[in-house]
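Comments concern the structure below.
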Amino acid sequence: MAQDDHSQVKPKPSPEPMELRISSMIPTSSWFTPKRLLAIFCVINLLNYVDRGAIASNGVNGSRGTCTEGSSCSSGSGIQGDFNLNNFEDGVLSSAFMVGLLVASPIFASLAKSVNPFRLIGIGLSVWTLATLFCGFSLNFWSISLCRMLVGVGEASFISLAAPFIDDNAPVPQKTAWLAVFYMCIPSGYALGYVYGGLVGSHFGWRYAFWVESLLMLPFAISGFFMKPLQLRGFVHAGSEKGPKPEEVEAIVQAMEASNGKDEPLSLKAELRDKNSDHHSKSKSATQINEKFSRFLKDMKALLLDKVYVVNVIGYIAYNFVIGAYSYWGPKAGYNIYHMADADLIFGGITIVCGIVGTLAGGFVLDYMDNTLSNAFKLLSTTTFIGAAFCFGAFLFRSMYGFLALFAIGELLVFATQGPVNYVCLRCVKPSLRPLSMAMSTVAIHIFGDVPSSPLVGVLQDSINNWRTTALILTSILFLAAGIWFIGIFLHTVDRFDEDSGHQVSNVERSSTMPLLQEKTEATSASPSLSQDH
């Protein structure tokens, strides 16, 4: 009987192992496997961040035209040169896509409760594909800013929903490692974007960089509509319901009664019924909107009252403020401080190596430590503090080689946070709150983090005109992030992944679908279990 305590629905003859209690439901005929799902999401995530890195590269972003005292002027290059942008406008351009991301993320997270999340990802990727295409056709600052906002709208659905899918399907001992593999695409994408933008921008022009991105994303956008959709833990959608709804049965009964009536014509009864139906549908629609809004407010209140979630996100905001500015201004700062001839390639190379190794190491180390929320905070605070010390020391060096050595170690440690910080966001809330948890985390770290950091650093640099001092002031904020995450160690933490939610899938619905990781297990064990039953 002790084993039956693990069941969250009702007792079964043979208890379900913890490793197989995964809830992303999928038909047995699906092409997807957990590793294929992870690989597809990683490629999409990589393309998202290649786009961010490309627009920050010197090849795409370029530089403004300059004039000497003798009135001889040189034309600028890239977006900044073509549209004659100052540093503030250039910083705003880097953050423009965040506007769409911030507005659309909560909307997509809320829609996940009524529309299959896999289809929402397809819609979002389609918007992203069209938006990047039109970035290449932009005519001025305002047109490209609008296109960048739409890029953010397209990315919002994927950012909010991909991590919960991965969390559902990853093996239990490797949860953080799988998340780390996914978030490894952030530094890798940025770094590839630097290199890609530098090469394409210098050889073909900055517009081609956006057109190629759009072409690469197109197959994934199309697949989101034509592949069999997956279910997400904690949700049931209208598309999975079987049989007629109660109101449909009632309408059929009323129609039958009307056809048998003798006191009044059938047409009159049908007219009255249509009017009542219209009134009922309008009333029902208004009720559904109110219910969804009330549910959203209730879910938001639950997130804001969760101390673990709030502390984790505040630390993430401070961290992302620095990383966002690094990613955008890094190549330009390196070029001006150390006169790097190939700043895009150097920063891209360091970021891609340190990003991959650091992010993967953070995930594997947390799994090795035992992936608890408390251990996640220990890892976050320690690696961020030591990484900040190395990055701060790097900018004090006058030698470019000394800078590169220390900065590489610092980035290695700082990027180790990606898996653990998102693991906390997913595991400190109920399953049904995970999309909203990821969406609001994304909104918070951008609206208070890298959205203001790029233009603010641009303003600071315009004011003091010293890239080294600007970089040191920016890096010091990482110490604040480490201190905030240190507080999380002492909070009471509970992993809520297995908690029941108000939107759990019922037994009937569960019987028609199957978790990805149970597919092979149940197929191979079906015959022995049947023979034992008989």
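Here the Cβ of each residue, glycine as well, is placed from N, Cα and C on the backbone.
Nobody curates TrEMBL annotations by hand; they come from automatic prediction.
Per TrEMBL, the features are:
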DOMAIN    37-494  domain 'Major facilitator superfamily (MFS) profile'
TRANSMEM  92-111  transmembrane segment
TRANSMEM  118-142  transmembrane segment
TRANSMEM  178-196  transmembrane segment
TRANSMEM  208-227  transmembrane segment
TRANSMEM  308-329  transmembrane segment
TRANSMEM  345-365  transmembrane segment
TRANSMEM  377-397  transmembrane segment
TRANSMEM  403-426  transmembrane segment
TRANSMEM  469-491  transmembrane segment
REGION    505-534  region 'Disordered'
COMPBIAS  505-515  compositional bias 'Polar residues'
COMPBIAS  523-534  compositional bias 'Polar residues'
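Counting Cβ pairs under 8 Å that are 6 or more residues apart, the transmembrane segment (118-142) and the transmembrane segment (208-227) reach 3 or more and are in contact. Packing against the transmembrane segment (377-397) from elsewhere in the chain are residues 312, 315, 319, 337, 362, 365-366, 369, 403-407, 409-414, 416-417, 420-421, 424, 468, 471-472, 475-476, 478-479, 481-483, 485-486, 488-489, 491, 493: each is 6 or more residues past its ends and has a CB under 8 Å from a CB in it. Taking pairs at least six residues apart, the transmembrane segment (345-365) and the transmembrane segment (178-196) share three or more Cβ pairs below 8 Å and count as touching. Beyond the transmembrane segment (403-426), the same-chain residues lying 6 or more positions past its ends with a Cβ under 8 Å from any Cβ of the stretch are 163-164, 167, 175-177, 179-180, 183-184, 186-187, 308-309, 312-313, 315-316, 319, 323, 337-338, 346, 350-351, 353-355, 357-359, 361-363, 365-366, 371, 373, 376-377, 379-380, 383-384, 386-395, 397, 434, 437-438, 441, 478, 488, 497.
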